[in-house]
Amino acid sequence: MKKFNFRKVLDGLTASSPGSGSSSGSNSGGGAGSGSVHPAGTAGVLREEIQETLTSEYFQICKTVRHGFPHQPTALAFDPVQKILAIGTRTGAIRILGRPGVDCYCQHESGAAVLQLQFLINEGALVSASSDDTLHLWNLRQKRPAILHSLKFNRERITYCHLPFQSKWLYVGTERGNTHIVNIESFILSGYVIMWNKAIELSTKTHPGPVVHLSDSPRDEGKLLIGYENGTVVFWDLKSKRAELRVYYDEAIHSIDWHHEGKQFMCSHSDGSLTLWNLKSPSRPFQTTIPHGKSQREGRKSESCKPILKVEYKTCKNSEPFIIFSGGLSYDKACRRPSLTIMHGKAITVLEMDHPIVEFLTLCETPYPNEFQEPYAVVVLLEKDLIVVDLTQSNFPIFENPYPMDIHESPVTCTAYFADCPPDLILVLYSIGVKHKKQGYSNKEWPISGGAWNLGAQTYPEIIITGHADGSIKFWDASAITLQMLYKLKTSKVFEKQKVGEGKQTCEIVEEDPFAIQMIYWCPESRIFCVSGVSAYVIIYKFSRHEITTEIVSLEVRLQYDVEDIITPEPETSPPFPDLSAQLPSSRSLSGSTNTVASEGVTKDSIPCLNVKTRPVRMPPGYQAELVIQLVWVDGEPPQQITSLAVSSAYGIVAFGNCNGLAVVDFIQKTVLLSMGTIDLYRSSDLYQRQPRSPRKNKQFIADNFCMRGLSNFYPDLTKRIRTSYQSLTELNDSPVPLELERCKSPTSDHVNGHCTSPTSQSCSSGKRLSSADVSKVNRWGPGRPPFRKAQSAACMEISLPVTTEENRENSYNRSRSSSISSIDKDSKEAITALYFMDSFARKNDSTISPCLFVGTSLGMVLIISLNLPLADEQRFTEPVMVLPSGTFLSLKGAVLTFSCMDRMGGLMQPPYEVWRDPNNIDENEKSWRRKVVMNSSSASQEIGDHQYTIICSEKQAKVFSLPSQTCLYVHNITETSFILQANVVVMCSSACLACFCANGHIMIMSLPSLRPMLDVNYLPLTDMRIARTFCFTNEGQALYLVSPTEIQRLTYSQEMCDNLQDMLGDLFTPIETPEAQNRGFLKGLFGGSGQTFDREELFGEASAGKASRSLAQHIPGPGSIEGMKGAAGGVMGELTRARIALDERGQRLGELEEKTAGMMTSAEAFSKHAHELMLKYKDKKWYQF
């Protein structure tokens, strides 16, 4: 007996009501509304045949790992026993690094900048001081660190912290010059305070300034060295509570470091000098040097230099000490880069850096400050890089960094993410890329080797591809939540280098970064790789293991089209689409080759933006350029940037489009098959009756005004924002911009995994793009999209001339954001936003599948173009390919973003592909060779009838059509108040689903083909442009986005991966015995000073020091224990962890009970003793003696 489905009854009732397919409302958060439609009787049959296995229990959103260099770093710390490194940032983030695979990200909820970090050495804890004057204690003994305690200072600002080795008391210096002491275990302030007016001499009337240094003496832990900004240093006796000695210097102090014997210390000053002080003669420096100052005549002071911001004085047992400092260069060398100076004996080595130095630390063999330090490396934290210098070799080489700290080497402009790739790809790419690695690194192992990490159970090959502003492409191995660079491709090598002065003549669309990558398409199976750049070019690459020297083939395409500005009908009104399959004339095919002619003073025509190399080029193994396609200038108009891209290795065809039209190129025969304006694709069935016209002279100016007036109501400072350069997205000052405004700024799209995902226009390719629109002379738009974006039309309108404030004001008018249908949406210019190759049904009456190209536009229109390929394999290299619009039209609300197809059983159909073969393998070329094309097995053996689903997603809704009948089976209005930025059809647990990322921050998952909502989570309440332009989904529940200019954030929407995440993360803390201190020897202990320890608890505890004022600091309990349980519960050891915590809590309560019992017994004994004494006292007295 067949199971009764009540939902189908409701769906049938819904279908019978008018407008049921598109009238569903949106939720309160601007998320999803839904409606289902099945107009034809066949739909109900198909729905019964498909058993959807996905349920909402399969989905959950969770951040997994963050890769890249910490954005805007501010602080650095190192645990010499655990060998882990911590980096704090200006945004309140902390990154903790260990061995490769051990990479943890933490975030302060307040978002305040991290001022300083201090490890509790070998105890699995970290103290952070933030700019909101709060101290935090982090527990590192769990995979997801959490805050245990916080201490908020209310009346003083924190400037410096110091935690002695194996001490439980933290010294905290403040801006007022006072020094407070905090108990690390309880995070409570001690009553012991060193006031600034008691530390300095009574005769001194001026304030010494903030505390810039605190450290205890290596010889005597009872003595504290306090450095003040104005040049005063105080040696404070903690026991006697008085200053033992004071040091005064004319120049401000930046840092201080001890000699390990505790008899001398070194200071760095603002005049570029280093002073060495001896405790026995504090009246003047024992030695004063200006390392980079010019030597003057006798009697004159050396020339002052730039401040030395930090100095470290490290001793060696068998060699001269190391003096390492940053800064201190001479002022006359203004052009010199930031440097780190290493002084070892008489040798002075200056290491120049590419970026300003934020902080550095010397790594030493021992954690004990009173032993020979034996430094072996220096960690240098730069503004945009992290390097480690090997001190054990005389030439001071750097270590090869195993972390992906160079993602931002050139600003990232687009990303692509591929999960479950062919397993041999990673090895192949690595073997090619390793040959091009830099040489000269240290041969020692990476010194930051702490923590523990294993692969985990859930591993499959994953590859991330990033496109960059300099035209480079990087392939990354992203398997097992790690990231390692495999291979780097430089696309700029196919072009001639621009000579000085040539840029304005031929490349006016972009002055800076003309090679910036917009879109990426990659077919892992065929290894075909294709990119489009900001200068309106497309390059097709083929992979080869052999080096070749050959000429680069190039084609030039004219793709410039204009129409009359006729107001279009409302997008909600779906016009009729007649079947024109029988009456369409043959398509117009334009020759793609043109002669490049340019002369000064003549209107530019048929000139590409870049010049392809004409001489033979040596191409190393890896990806080698097969064909370069460039759009050219037409009648003085620059080519529009490409907004959509798709490649089919099986068909040997590449298609791309922009706001003017569509171009289709045969990259096997190197010929242009189609170069047509968007209107011509409709032919006689143009729904909006637009007429072609010749290009107008002031087109760009009109477009500028037209778009500006619609945007001026959204943001008052729009003119300035629209003209921000492309680098504004990738600079370090990353200021969020409202996405609703961003919607109006980006007409192009982003593509991932062969499908498009973009805010307004999109194409079927695998990557994201940085879109077009030239603004005046500067035309560098942020990673992935152009400067503005239209909701329903004209997604690629150019902006080339500036708009004055008066013009902007005149053209502006008031309208609500909800009414997206306005004049800006009704322009007749229609951009190609999505492309997709698939074997499908081009027309209604087709009975067999054939090669097709699906074309989506910014007006929500979908056109199917039929591809007629030669039948015989040998003829494919000689016979022409016919390209013909089929006359089939489908419509949606909003710009089309992505396509996909499913078979009648609900299986996701993959486009056909050609099996990879090395094009330069001599052995294979000698044999008779035929192209081996892999077709989708399910699509190749289907019977006649409605047996293919086509999934189409736009900015507003998703629809599922049955082909060839073109019946709309399902429609889902995803959002009404917002719009979709990224969409992709992905595989999850062997089933297909539609994943969407909305401008309001919602991530939504829908099952296919029914489009039932599976997940709707408000993941990013405060989104910004960078996230919107780089967000991409892939299979197996994975996604990523560029969270900052230097970091990639990966997340999962898979419940299974969320459950197993704890097992995949690395351990930050591993049990290691603390090394024993060296034996000082009898004589050294006798004459070397009082090196014995003293009881800090007795000195700083409440019993002797009293309680601190409650108004001075506020203790805030942290969520560490709760977070620790949540983190442990996610792994296999969750139950054991909970049991252990319960036992610990029970043991703690029993311990407290035992203490109370012991206290009561003590009290009882005291009472008994007192009663006995009282009895003895009055035992022999008479009654009258009382």
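Cβ coordinates are placed from backbone N, Cα and C, and glycine is handled just like the others.
Feature annotations, reproduced from Swiss-Prot:
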| type | residues | note |
| --- | --- | --- |
| REPEAT | 74-107 | repeat 'WD 1' |
| REPEAT | 114-153 | repeat 'WD 2' |
| REPEAT | 158-194 | repeat 'WD 3' |
| REPEAT | 213-247 | repeat 'WD 4' |
| REPEAT | 253-285 | repeat 'WD 5' |
| REPEAT | 357-391 | repeat 'WD 7' |
| REPEAT | 413-490 | repeat 'WD 8' |
| REPEAT | 518-629 | repeat 'WD 9' |
| MOD_RES | Ser574 | phosphoserine |
| MOD_RES | Ser589 | phosphoserine |
| MOD_RES | Ser593 | phosphoserine |
| MOD_RES | Ser599 | phosphoserine |
| REPEAT | 643-705 | repeat 'WD 10' |
| COMPBIAS | 748-769 | compositional bias 'Polar residues' |
| MOD_RES | Ser763 | phosphoserine |
| MOD_RES | Ser766 | phosphoserine |
| MOD_RES | Ser772 | phosphoserine |
| MOD_RES | Ser800 | phosphoserine |
| MOD_RES | Ser812 | phosphoserine |
| MOD_RES | Ser820 | phosphoserine |
| MOD_RES | Ser822 | phosphoserine |
| MOD_RES | Ser823 | phosphoserine |
| REPEAT | 832-889 | repeat 'WD 11' |
| REPEAT | 898-969 | repeat 'WD 12' |
| REPEAT | 974-1018 | repeat 'WD 13' |
| DOMAIN | 1121-1181 | domain 'v-SNARE coiled-coil homology' |
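When each of the listed stretches 74-107, 357-391, 413-490 is scored by C-beta pairs under 8 angstroms to the repeat 'WD 4' (213-247), 357-391 comes out highest. Only sequence-distant pairs (6 or more apart) were considered; of these, fewer than three Cβ pairs between the repeat 'WD 8' (413-490) and the repeat 'WD 3' (158-194) are under 8 A, so the stretches are not in contact.
Residue counts of the repeat 'WD 13' (974-1018) by helix, strand and coil are 0 helix, 29 strand, 16 coil (DSSP-based). Here the repeat 'WD 1' (74-107) has a mean pLDDT of 96 out of 100. Contact counts against the repeat 'WD 1' (74-107), taken as Cβ pairs under 8 Å, peak for 357-391 among the stretches 253-285, 357-391, 832-889. Non-local neighbours of the repeat 'WD 7' (357-391) in the same chain are 69, 72-78, 80-81, 85, 87, 121-122, 165, 216, 218-219, 258, 260-262, 309-310, 312, 314-317, 322, 324, 326-327, 338, 340, 342, 351, 397-399, 401, 403, 405-406, 408, 442, 444, 446-448, 732, 1046, 1074-1075, 1077-1078, 1091; each lies 6+ residues outside the stretch with a CB under 8 Å from one of its CB atoms. Listed as Cβ neighbours of the repeat 'WD 5' (253-285) (distance under 8 Å, sequence separation of 6 or more from its ends, same chain) are residues 212-213, 215, 217-220, 225, 227-233, 235, 245-247, 291-293, 302, 304-313, 315, 321, 323, 325, 327-330, 369-373, 1088-1089.
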